[in-house]
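Okay, so here's the structure we're looking at.
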Amino acid sequence: MSPKKAKKRAEGANYNVFSMFEQTQIQEFKEAFTIMDQNRDGFIDKNDLRDTFAALGRVNVKNEEIDEMLKEAPGPINFTVFLQMFGEKLKGADPEETILNAFKVFDPEGKGVLKADYIKEMLTTQAERFSKEEIDQMFAAFPPDVTGNLDYKNLVHIITHGEEKD
């Protein structure tokens, strides 16, 4: 394929990527990308991923794990590639699994519960911040147990199915 055709095909792929999402979703992805692009060079690289994991409390991430993540990208991860990768992952994704995976980032041991105080801190200080009222509503609907833990697996099930697990 000629370089001109390859460029046209890439441009067409970019158009398709942006047409997969609503404008508000693209803006949310842009926020996430900006948070991850720690050195602000327009690309997510190994150091950016390491810093992002550290910010999430995972300081001992193995190089192999980061390398595996980077191998999923067809090249350097700029915003368009980032969006394309998410588009491919989310195509046909189960909403329950998607939300569970978001919680699992904060639960590296896979316990299925998180400290309510930690969730409150994350939801009020990161990305699209929850208001005090929203936090109060969430904990009124899904109160933590007596030890202060929130069963996020049950929470996700209720969010996606409207009822508690049996």
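Heads up, the Cβ atoms here are built off N, Cα and C, so glycines get one too.
The following features are taken from Swiss-Prot:
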- Asp37, Asn39, Asp41, Asp48: Ca(2+) binding site (BINDING)
- 24-59: domain 'EF-hand 1' (DOMAIN)
- 94-129: domain 'EF-hand 2' (DOMAIN)
- 130-165: domain 'EF-hand 3' (DOMAIN)
- Ser2: N,N,N-trimethylserine (MOD_RES)
- Asn14: deamidated asparagine (MOD_RES)
- Ser19: phosphoserine (MOD_RES)
- Thr52: phosphothreonine (MOD_RES)
**OP:** Can you grab the distance from the residue listed as 'phosphoserine' over to Asp37 (Ca(2+) binding site)? Cα atoms, rounded to a whole Å.
**Re:** 23
Original post:
What is the three-state DSSP composition of the domain 'EF-hand 1' (24-59), stated as helix, strand and coil residue counts?
Top reply: 23 helix, 1 strand, 12 coil
Original post:
Does anything in the same chain, at least 6 positions from Asp37 (Ca(2+) binding site), have a Cβ under 8 Å from its Cβ, and if so what?
Top reply: Phe43, Ile44, Asp48
Original post:
If you count the other Cβ atoms within 10 Å of each Cβ, which of the binding-site residues Asp41, Asp48 comes out on top?
Top reply: Asp48
Original post:
Using DSSP and three states only, what is Ser19 (phosphoserine)?
Top reply: helix
Subject >> Number of Cβ atoms other than its own within 10 Å, given for the residue listed as 'phosphothreonine' >> reply: 19
**OP:** For the recorded Ca(2+) site, enumerate neighbouring residues of the same chain (Cβ within 8 Å of the Cβ centroid of Asp37, Asn39, Asp41, Asp48, site residues themselves excluded), in sequence order.
**Re:** Met36, Gln38, Arg40, Gly42, Phe43, Ile44, Asp45, Asn47
